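Below: one structure, written as structure tokens.
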Amino acid sequence: MSNPISSTLGSPDAEKPLSVGPHEHQPASKNQPEDLQKLNSKLAHPLSGIPHEELMEMGASYARENGMEDLQDEFRKGALLAQKPEAFDTLPLLTDDDKYYLRREVTHKWSHPKDLYHMVVMCSMAAAVQGMDETVINGANLFFLKQFGIENREWIAGLVNSAPYLSCFTVGCWLTHPLNKQFGRFGIGPKSSTVPVYAAECSPPAIRGALVMMWQMWTAFGIMLGYIADVAFYNVKDPPHITGLNWRLMLASAMVIPLIVCFQVYFCPESPRYEMLKGRHKRAFDSLARLRWTKVQAARDLFYMHTLLRVEAELNKKSGYKLVEFFTIGRNRRAMIGSEIVMFMQQFCGVNVIAYYSSVIFKESGFTVIDSLLASLGFGIINFLFAIPAVYTIDTFGRRFLLLVTFPLMGLFLLFTGSSFWIPDREARIGCVALGIYLFGIVYSPGEGPVPFTYSAEAYPLYIRDLGMSLATATTWGFNWLLSMTWLPLVRAFKPQGAFGYYAAWNGIGFVLVLLFLPETKGRTLEELDRVFEVPTRSHMKYGLAQVPWFFRRYIFRQDVPAPKILELEELEDIEYHPDAFRNGSKDIGEGNSV
């Protein structure tokens, strides 16, 4: 069979970037293309090298075969655009209107049909449900623990507070895959798994990170609403025969937003990727047409999605179970490692300890009960307000960069908060504790706040995306349960200073894990992320280690030195499929499973 890798990867005389991959210092050999094919032959653009006439016929044929005969012209244009989207101005087949909307994708990246923003609103409200669920318990803790006589029984109190998260971990998250497979992305039961995946699959690449991260931003909004409910119902008096009406109303207030979401969900389009997975290509086009300005844009995205998903399907024609393939297929394994790191660290950075127990923490530092609730509300407001800039920063600076910047700062502010409990003066102590918690919220909100769900929703290939997201959310809920369960006993054993210091140390560990094991996903389509996760882990570790001395040389000593690069990723950008590799399939596709 013809070699699916296109000729050479570069001249030996060309300027070579500073590289940290395993091929560094090795001369090119005649076997290098074969090695690269095994690494990632599936990942280059499957439409490269196909003549325009043949490509247009492929688009028209796809339309005819899937019941879209009246859209053949749109798919001819879409196939050409899928091959090289940035070259739309050079294609005579496109009308002026086509070019106008294609140009606006670049110049006005936030200009989209109302159905896309309706989807965003629905996903945002679903996120607010989660946030409010998490914090109405914060104020209720000050009352119901005493009412039920478990105020000084830390393990029982921790179990009561953490029981919902234990249920999410053991049952709710694992329902995502079977329910989504049967009913699509509309299920709101296992919403923390479903909603980020749904948003990722409907969003254009240029703003996908921003739209998906709205899950965390609106979770922060829900957290703020929960604190508002705590303050609002604090002074409610008990009527005859009812004890603790105030904390009961705090908990009950969380039922309002879910009713709104249940009404909204029926008016949103289904995920086009889900429809394609079920073989319903016409319905996938109809969904995309509601989410894009023109039929040509929808045809382009659908045809491109179709070609890459066919390659992905060829890749994964392996016997075995999907859960096993998390470990046996290199691309899946690296996605799982990255996703699990950010989900694990979302809990062990310490944020939910503050979200659930801030009122108790403030009260122990010397605040009155009502002042503790108001101080907690301040944390909720900060958490929401500072999540808003992440809509811009997550796709501008990237997921990995935001985490590398914010992890050290979060650790520093937790140390400051814990150390503040040693201050003997009450006024100074409560001021410093509040300041430390607020500064922590400021740096958490644009970093470890929005990144985990965004990253997990985009990391996995389609055929295991539901299962991967179930695993990711099960991880965050499982450790959420663990933190909620153990915080009160931890404080009793090590005092607030030791408890905050413990989570400060975990932020240092998180920085190292991100530096070594977390690939950047900014600016890639969901399908193109395959080439990112096919880079061997050892190459990414070398890249991360090389960044540390480069940072000091570049920004501390002000030396003009080239930034480290991952050699394999640079090479894979230049790999092309031979058309026969896409149309006929290849048994060599998908062998890139090196560590």
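Note that Cβ sites are derived from N, Cα and C of the backbone, with glycine treated the same way.
Heads up, TrEMBL stuff is auto-annotated, nobody curated it.
Check TrEMBL against the ranges 335-356, 401-422 and you find transmembrane segment recorded for 401-422. Residues of the same chain lying 6 or more positions beyond the ends of the transmembrane segment (374-394) and with a Cβ under 8 Å from any Cβ of it are 135, 138-139, 209-210, 213-214, 216-217, 220-221, 223-228, 230-231, 354-355, 358-359, 362, 367, 402, 434, 437-438, 441-442, 444-447, 449-451, 454, 522. The recorded stretches the transmembrane segment (401-422) and the transmembrane segment (500-518) share 3+ CB pairs below 8 A when only pairs 6 or more apart in sequence are counted, and are therefore in contact. Per-residue pLDDT, averaged over the domain 'Major facilitator superfamily (MFS) profile' (75-522), rounds to 83.
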